[in-house]
Each structure stands twice: as C-alpha cells, then as structure tokens.
Amino acid sequence: MRVLDAEFVKDFMRMAGDGWDQGWHERNGGNLSYRLKPEEAESVREELAPGDWQEIGTSVPGLSGEYFLVTGSGKYFRNVMIKPEDSFCIIELDGKGENYRICWGLINGGRPTSELPSHLMNHEVKKSVTCGKHRVIYHCHPANTIALTFVLPLTDEAFTRELWEMATECPVVFPEGIGVVPWRVPGGRDIAVATSELMKKYNVAIWAHHGIFCSGADFDETFGLMHTVEKSAEILVKVLSMTPRKLQTIGPDDFRHLAVDFKVELPEQFLYEKH
Ligand code: 2HA
Ligand code: ZN
C-alpha cells in the first residue's frame, strides 16, 4: 500500500489539520508523533527506503525497532494536508533505541521534530504504563492554557483543580490530573526527562509559557483530550477576565460525588479546601 493511502496516515494528517484549524500551530509551532502497529508498518513496507542512522539525543531502549510517524523540524502544520511528503516522515529506531533513520517523507530534506527526545521518551513511558495501548503524543501552543501559566501557581494541584472546576466533563476526561513543567529550554533531553517523569502519572503535561504535551491511545482520544483542556482553560480565562472571585463553583464534595457516579478515581491531592 502507498503510505498516503494508509488509514493511520490519513488520520495523522486530519489531526494535524484540526490542530491548525484550532489556531494551536502558528508558524512551525507544535509537533505530532504516532507509534505504528507492526501490521501498519508492514502494510506500507514497499514504499519504505531507509536512510542513514542518526542520533536521537537520548536513549529509549523500550522502543527499539519501532516505527513512528513524526512531523518535521521547522515544518508547518498548515502544510501537512497540502504537502504531506515534505511535512512529515516515517522513522525507524535501531535495536538499542539510540538512533533513528528516515524511511519515508521529508523529501526536501530536514529532520524529525526538534522535540523528538520528548516525544520518544513520552512514548517509552506511555508504552510501558499503558501496556502498549497509547500510541499518540501531541504537542501544541494553545493560547488560553499558555496564558494561565502566567497567573496560576505552576503546580499540578493548581492547574488540575482550576481546570476541573471549569467544566464538569474535565474530571471525567482527565481524572488522573495534569502535570506542570516549569519553564525550560525546549528541544533537549532536560525538558524531555521532566515531561516523561510526569507522563508516568498523567496524560497531560503543561509546559509553562510554551504549550501542552498530551498522550492517548488514538488520534481522536488525544486530540479530544487537548481540546477539553484548552476549552476549560478558555472558560477560566473568561471568568478571571470578568472577576477575580467566583460566586459559585464545583466544590470538593461535588467532585467526590461525581467520582462515585462516573466510576472514576479522583486523587484527594486535588480536592483540597481553598481559603
Ligand atoms: O516549533 O513547538 O517546541 C516546534 C515547537 C517546539
Ligand atoms: Zn512548542
């Protein structure tokens, strides 16, 4: 099968287009990666032409031999649908999880996303803690969530609780909460280690003054999670723009009742009393 005819590639492109439509990908902002199922890699094998091995910049032995779809460094989400062969690639990892090679795409040159270490370290953690279920890692720059990183304390507790309160569906969509990484230089191993540490517990990590990383089993679930977090952040921005003080909200006991009815576990860490 041709790469561009494969269902998982079409879904990857549609998600990139949806992210662009949301306004989360100014210029070359953001990046997306997908860990292929063995049968998916097999289905497009005729078109794979491996290049030279290159260093990843970190070590992900838990992903040795895996194939990934990844957006390209410096490439624009705007162009993923229009110029797919120029905008993303399929890479293969070596037996040690230390090197990758491009097998398809980026026909005009270039490398996988500058955030490849973060993507792969998140994939390694998620593959392990979800027993292989999670396959998508998504990074974007949604304005409302970023705005909140200037006014909320940069703690998991503050972001989880404030976003849970803004929409009843939130504690059901991300019951495990949200992690926060303080401002760091992007692109390197440092921020990758901090993010993947949070991904052991959470499916969402906010990068202060930068954006969000999300993880999920498939494209719909991962995009939906990002969309839910950012929608909730938008409501909080609106509320805070009207008044510093809410007149009423969803309280700790309300969340405890919701947890019972919706059969989710909401960690008590996030159900603190406010003063
Ligand atoms: O430009 O978003 O974090 C890609 C990025 C880097
Ligand atoms: Zn970014």
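From the backbone N, Cα and C atoms, a Cβ is placed for every residue, glycine too.
Annotation comment: TrEMBL describes 10-237 as domain 'Class II aldolase/adducin N-terminal'. Among the features that TrEMBL reports, active site is placed at Glu115. Look at TrEMBL and you will find His139, His141, His210 tagged as Zn(2+) binding site.
Feature map: annotations from TrEMBL on the structure.
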| residue | record | DSSP class |
| --- | --- | --- |
| Glu115 | active site | coil |
| His139 | Zn(2+) binding site | strand |
| His210 | Zn(2+) binding site | coil |
Compare the C-alpha of Glu115 (active site) with the C-alpha of each of the binding-site residues His139, His141, His210, and give the closest one.
His139
Going by C-beta under 8 A and a gap of 6 or more residues, the same-chain neighbours of His210 (Zn(2+) binding site) are His141, Ile146, Thr149, Trp183, Pro186
Zn(2+) site shell beyond His139, His141, His210, criterion: Cβ within 8 Å of Cβ centroid
Gly29, Gly30, Cys140, Ile146, Pro186, Trp207, Gly211, Ile212, Phe213
Test of understanding: give the count of other CB atoms lying within 10 angstroms of the CB of His141 (Zn(2+) binding site).
18
